[in-house]
Amino acid sequence: MNTLYLGSGSPRRMEILTQLGYRVVKLPAGIDETVKAGETPAPYVQRMAEEKNQAALTLFCETNGAMPDFPLITADTCVFSDGIILGKPRSQAEAIEFLNRLSGKQHTVLTAVCIHYRGKTSSRVQTNRVVFKPLSSEEISAYVQSGEPMEKAGAYAVQGIGGIFIQSIEGSFSGIMGLPVYETVSMLQDLGYRPPLSALKP
């Protein structure tokens with residue numbers, strides 16, 4: 001079974017990679033996720049994914065005294081609406097604010113993936129568009145009380161209860177979850193790491 005290092009504590013990213021047939025070893029490393037002044041969404045998520053990768057790589061080398069034998073994957077997701085980058089809500093009040101902002105409108109979900117393997121590093125940004133139905137204050141309150149919006153970019157989970165708010169998606173469902181499958185496997189192949197199923201060849 002193919003092995004990957006995942007520089008993330010996200011259970012959703014772990015689930016996606018495991019479902020693809022990889023054996024996943026968690027290697028999360030924390031970084032400062034503050035948005036820089038004037039930073040736009042795509043450069044921001046790409047910088048986050050790359051900085052997470054470097055932090056996880058440094059942690060691995062310090063712990064093991066060598067570079068990892070298998071690919072190290074990191075990713076970052078953000079939601080962009082009305083010119084504002086929405087990360088993970090820091091409180092229930094902020095989650096309510098985010099959901100009110102998304103209600104009845106289209107927003108953009110960007111996920112950046114960064115992979116290091118055998119001395120080479122590759123990163124890519126994948127973009128999706130999501131349309132929310134208009135949300136009532138009662139729906140928002142009940143959803144926030146469920147706890148699901150916390151620790152989720154934009155304060156919702158497309159694969160969870162939050163999916164009932166979504167009218168349409170343009171892009172990748174897995175990308176909105178936090179790790180776009182097509183792009184991730186393509187990047188691994190480009191770096192010389194084959195997917196679990198040998199039938200998946202270019």
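Keep in mind that glycine also has a Cβ here, set from the backbone N, Cα and C atoms.
In the three-state DSSP classification, D76 (active site, proton acceptor) falls within a strand. According to Swiss-Prot, the active site, proton acceptor annotation covers D76.
For R12 (site 'Important for substrate specificity'), the same-chain residues that are 6 or more apart in sequence and have a Cβ closer than 8 Å to its Cβ are A157, Q159, M177, G178, L179. In the three-state DSSP reading, R12 (site 'Important for substrate specificity') counts as helix. The annotation site 'Important for substrate specificity' is assigned in Swiss-Prot to R12 (among others) on the grounds of sequence analysis.
Sequence annotations record features per position, and here Swiss-Prot assigns site 'Important for substrate specificity' to T77 (among others) based on sequence analysis. A simple way to gauge crowding: the CB of T77 (site 'Important for substrate specificity') has 28 other CB atoms within 10 angstroms, across all the protein chains here.
Taken from Swiss-Prot, the feature site 'Important for substrate specificity' applies to Q159 (among others). Reduced to three states, the DSSP call for Q159 (site 'Important for substrate specificity') is coil.
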